[in-house]
């Protein structure tokens, strides 16, 4: 008789263990994170040299971004 009780307890334990193992783990979405902003100090230190790729004038050491490159002169031919 105690064999049946032990077998029933083990079956319930195995069923519960399967439920725990099969539950999904919630993932943290990376889309919700905001990118870190550079402080004015690091913006000044990390200015790009002439010829480096850029997106706007504030990224270049010469403050001239032309055709996605840091430029030395305003009108580039």
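Cβ from N, Cα, C; glycine included.
These come from Swiss-Prot:
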- 54-65: disulfide bond (DISULFID)
- 60-70: disulfide bond (DISULFID)
- 1-22: signal peptide (SIGNAL)
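When the disulfide-bonded residues 60, 65 are compared by the number of other C-beta atoms lying within 10 angstroms of their own C-beta, 65 comes out lowest. According to DSSP, residue 70 (disulfide bond) is assigned to a strand segment. The Cβ neighbour count for residue 70 (disulfide bond), using a 10 Å radius over every protein chain in view, is 21.
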